[in-house]
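What follows is one structure encoded as structure tokens, with my remarks underneath.
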Amino acid sequence: QPNPDEFFGLM
């Protein structure tokens, strides 16, 4: 499951 930190890092 993707971590929130990595998800925001893509944005």
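Glycine residues also receive a Cβ, built from the backbone N, Cα and C atoms like all the rest.
Keep in mind the model is a prediction, meaning the values are calculated, not measured.
Look at Swiss-Prot and you will find Gln1 tagged as pyrrolidone carboxylic acid, backed by experimental evidence. Per Swiss-Prot, the feature methionine amide maps to Met11; the stated evidence is experimental evidence.
A separation of roughly 17 Å, to the nearest angstrom, links the Cα atoms of Gln1 (pyrrolidone carboxylic acid) and Met11 (methionine amide).
The residue listed as 'pyrrolidone carboxylic acid' falls outside any helix or strand according to DSSP and counts as coil.
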